[in-house]
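Feature list (source: TrEMBL):
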type	residues	note
BINDING	156, 157, 158, 159, 160, 161, 162, 163	ADP binding site
């Protein structure tokens, strides 16, 4: 016999845009409750009344099948669409209902209750894609062309988290982030690598616990000198010495998510998001 405690509670993340905000805020709230499992489902672009009615049917069916009241996390801005969704058999948690009214009263202005204009979205998209292309074209030190245009240059040993952090900075903030891998030859000298030396003021170092680096490299090249714990310890120690020697700000990536790393870099380098 299946009990309610064994059933994953339905959790719907819905939006008239991508659903990313609804997911992020909803997940942050659900993570506060230990011992409860959730069956997550995301429905982006619920931007018409027809789509809203169809979604209500899906939510109600989920409630009937599970026997548990679903949780509905909504970032829908349109009043009419939002009111339809609120008829579903679930706990409706709307970010706009929660905050927009108070903001209107405080600012003395009525909100437009609609998604951003296409012109704004196109500009945001263009800035994001420009930053992503820059990150890809300057990944792993493949080129120093236009490196002077970088907002930040991440530097660290192989597999320390440079590439995903650069891409996140580009996607989330429109930051032009390049990265340079510290090779054994770079670590054998006391100077900064030739390619990035002219841009010392843009450098930010990533370091990592040798044991964690060993685990990551083992997955890529098992039982190689590259992945050995002694190599990892040596490279990490030499990279940290380089950062200290040249005053390069740096952080340890071992226990940080890419989101936390990005925020740390934005603050340390005083970077401003482009959208």
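The backbone N, Cα and C atoms fix where each Cβ goes, glycine too.
Unlike curated records, TrEMBL annotations are generated automatically.
Quick caveat, the model's predicted, so the values are computed rather than measured.
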Candidate with the highest Cβ count within 10 Å, taken from the binding-site residues 159, 163: 159
If you draw a 10 Å sphere around the Cβ of residue 156 (ADP binding site), how many other Cβ atoms fall inside it, taking every protein chain shown into account? 27
Around the ADP site formed by 156, 157, 158, 159, 160, 161, 162, 163, list the extra residues of the same chain whose Cβ is within 8 Å of the site's Cβ centroid. 179, 181, 206, 208, 253
Local backbone state of residue 163 (ADP binding site), from DSSP in three classes: helix
Using DSSP with the three-state reduction, classify residue 156 (ADP binding site) as helix, strand or coil. strand
Among 158, 160 [binding-site residues], residue with fewest other Cβ within 10 Å: 158
